[in-house]
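Trainee: The following block contains the structure, expressed as structure tokens.
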Amino acid sequence: MKKLLEKLNKKLLLFTLVGVFIGIVGLAVTEGAINATDTPEFCASCHVYERTITTFNNSNHAALNCNDCHAPTDSKIAKYTFKGISAVSHGYMTTIGASKIPDVIHATAKSREIIEKNCISCHEPGLQNISHDAKGSCIDCHRQVPHMSGDFRPDEWFEPGNFEFNR
């Protein structure tokens with residue numbers, strides 16, 4: 001009986017070690033695949049807007065990944081849920097719904113909320129040193145950053161004043 005228990009314990013230990021190894025490898029592969037889908041190269045494989053890609057690559061934000069701005073960054077659960085829903089939507093639009101893709105894509109209200117939150121989370125330390133007289137969101141003035149170049153608002157928008165964040 002003792003030998004049988006020892007044999008079972010060895011099998012259980014081996015089974016557990018193999019399971020842990022497979023789990024670690026699976027987690028690493030999954031995390032790597034998820035991170036790969038954050039990159040500008042991956043996003044550009046469907047979002048084929050040459051000017052957008054070129055200006056992004058030449059912007060101050062070029063070191064970032066797309067989902068540093070375009071997906072929730074406060075928790076992995078929120079980010080992965082958002083990315084899953086987005087993947088289904090993007091998959092549909094680039095296949096079956098391709099004829100419905102407009103020439104100009106505008107951010108939805110939810111996307112604007114996420115982008116705004118991410119702008120503030122990165123730029124908040126320096127925002128108190130910048131004068132803004134507009135009472136709106138970051139996107140209201142900076143919607144073309146980092147995807148387009150050029151002036152987005154007239155000079156009077158950038159005169160000293162107070163800025164209140166819409167949070």
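Even glycines carry a Cβ here, placed using N, Cα and C.
Any TrEMBL annotation is an automated prediction that lacks curation.
Below are the features listed in TrEMBL for this protein:
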type    : residues                      : note
BINDING : CYS43, CYS46                  : heme 1 binding site
BINDING : HIS61, CYS119, CYS122, HIS123 : heme 3 binding site
BINDING : ASN67, LYS83                  : menaquinol binding site
BINDING : CYS138, CYS141, HIS142        : heme 4 binding site
DOMAIN  : 9-148                         : domain 'NapC/NirT cytochrome c N-terminal'
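Set these features in their place in the structure for me.
Mentor: The Cβ of CYS43 (heme 1 binding site) has CYS66 as same-chain neighbours under 8 Å, each 6 or more residues away in sequence. Classification of CYS43 (heme 1 binding site) by DSSP places it within a helix.
Taken residue by residue with DSSP, HIS123 (heme 3 binding site) is part of a helix.
Neighbour density for ASN67 (menaquinol binding site): within 10 A of its CB lie 22 other CB atoms from the protein chains shown.
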Trainee: So among ASN67, LYS83, CYS119, HIS123, all listed as binding-site residues, which is physically nearest to HIS142 (heme 4 binding site)? Use the C-alpha atoms.
Mentor: CYS119
Trainee: Please name the residue among the binding-site residues HIS61, HIS142 whose C-beta has the most neighbouring C-beta atoms within 10 angstroms.
Mentor: HIS61
Trainee: Test of understanding: give the count of other CB atoms lying within 10 angstroms of the CB of CYS138 (heme 4 binding site).
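Mentor: There are 22 such Cβ atoms around CYS138 (heme 4 binding site).
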Trainee: List the binding-site residues among CYS46, ASN67, LYS83, CYS138, CYS141 whose C-alpha is within 10 Å of the C-alpha of CYS119 (heme 3 binding site), in sequence order, or say none.
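Mentor: Those near CYS119 (heme 3 binding site) - Cα within 10 Å - are CYS138, in sequence order.
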Trainee: In Å, rounded, how far does the Cα of CYS122 (heme 3 binding site) sit from the Cα of ASN67 (menaquinol binding site)?
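Mentor: Distance between the two Cα atoms comes out at 13 Å.
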Trainee: At 10 angstroms around each C-beta, which of the binding-site residues LYS83, HIS123 has the fewest other C-beta atoms nearby?
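Mentor: Output over binding-site residues LYS83, HIS123: least Cβ neighbours within 10 Å is HIS123.
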